[in-house]
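In what follows, a single structure is set out as structure tokens and then discussed.
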Amino acid sequence: MINMRKTHPLMKIVNNAFIDLPAPSNISSWWNFGSLLGICLILQILTGLFLAMHYTADTATAFSSVTHICRDVNYGWIIRYMHANGASMFFICLFTHVGRGLYYGSYTFLETWNVGVILLFATMATAFMGYVLPWGQMSFWGATVITNLLSAIPYIGTNLVEWIWGGFSVDKATLTRFFAFHFILPFIIAALAMVHLLFLHETGSNNPTGISSDADKIPFHPYYTIKDILGALLLILTLMLLVLFSPDLLGDPDNYTPANPLNTPPHIKPEWYFLFAYAILRSIPNKLGGVLALIMSILILVLMPLLHTSKQRSMLFRPMSQCMFWILVADLLTLTWIGGQPVEHPFIIIGQLASILYFLLILVLMPVASTIGNNLLKW
């Protein structure tokens, strides 16, 4: 009798995606982050669902309801902190996953890559709206500052901002709709992740060499299932260390003060995972220019396949490109640091130089390094 997992209409989909899937024999731990992102998403949906059972999306009670979750709900504190720090783990995995794609040339899978960029935007939108929900000072002012950026759009800007707000400022209507969107978006992300996986399985996985691995494939189960379980255990260990020992390490103390439209915090800043983009936004004195730079800082990923000038796919055997890649990583860390600093000397000029270097590296220096690499190998 043929195995049921290979014949059953539902089980064979799972089988072809996670069990009998032919996988390259040499993919490293950098390939673990896709499955870790899936785990993060499931964890966020589950903890978020339990939080939504006790949360009220109303300006008068939102802050109190979060306090109630932490004080009165059974294990509410751990659910709340798992959700908040789970977002940080999500973005660590996301940035690593994208970095892996850049380093090993995975962006040559065009559809997979483009769906991935859409996933990144959707996740960033979800995280931003989630940060508004506790209705603390940084929630309110973060929402005000970021939504206000849309007013830089010529002609329709002001109307667009007021339409998103549902009034003339960030208020009850804004909070209610942000909760609605924050609830629905993770399910859209889950659907997009399935599309992402669908396109990936059309081509099969890339591998560190960037060479076709069709000649040497192994089944996903048990080899990569056990490897993914190890990754998942390490992820959960890191998350729980964060949650149980320093749950507020990555948060902002200002968010423990209820939102007050009459009192602006001295330094408005987003969560750490948006600081690099925030630094790029602030480094341009012009409002519209800053908004465009902010969007382009992420949208530039779409251009990666067009900017690939090397004859090799992966950076594994390209020392010059590797050097540029790690300079880019260092630059992003610098931007993250600058985004959390006040707007004063010397942080302004450092932020501007780091922003220029960011775009220069991706648009000019990395393609040039690839071309020089080709010429050195007489290609």
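Every residue gets a Cβ built from N, Cα and C, even glycine.
Model, not experiment: these values are computed from the prediction.
The heme b b562 binding site annotation in Swiss-Prot covers HIS83, HIS182. Under the heading heme b b566 binding site, Swiss-Prot lists HIS97, HIS196. As annotated by Swiss-Prot, ubiquinone binding site applies to HIS201. Among the features that Swiss-Prot reports, transmembrane segment is placed at 33-53, 77-98, 113-133, 178-198, 226-246, 288-308, 320-340, 347-367, with the record citing similarity to another entry.
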TODO: Counting other Cβ atoms within 10 Å, pick out the least crowded of the binding-site residues HIS182, HIS196, HIS201.
DONE: HIS201
Open item on the list: For the C-alpha pair, I'd like the distance in angstrom between HIS97 (heme b b566 binding site) and HIS201 (ubiquinone binding site), rounded off.
Closed with: 17
- [ ] Determine which residues of the chain contact the transmembrane segment (288-308) at the Cβ level, with the cut-off under 8 Å and only residues 6 or more beyond its ends counted.
- [x] 98, 102, 105, 107-108, 110, 113-114, 117, 120-121, 124, 149-150, 152-154, 276-278, 280-282, 355, 358-359, 362-363, 366-367, 370
Open item on the list: What residues elsewhere in the chain lie close to the transmembrane segment (347-367), defined as a C-beta under 8 angstroms and at least 6 residues from its ends?
Closed with: 279-280, 282-284, 293, 296-297, 300, 303-304, 307-309, 321, 324-325, 327-328, 331-332, 334-335, 338-339, 341
TODO: Determine the Cβ neighbour count for HIS97 (heme b b566 binding site): the number of other Cβ atoms within 10 Å of its Cβ.
DONE: 20
Task: Contact set, same chain, for the transmembrane segment (113-133): CB under 8 Å, 6 or more residues outside the stretch - done: 48, 55, 57, 62, 66, 87, 90-91, 94, 98, 101, 106-107, 139-140, 142-143, 146, 174-175, 178-179, 181-182, 185-186, 188-189, 192-193, 195-196, 199, 270-271, 273-274, 298-299, 301-302, 304-305
Task: Distance, HIS196 (heme b b566 binding site) to HIS182 (heme b b562 binding site) (CA atoms, angstrom) - done: 21
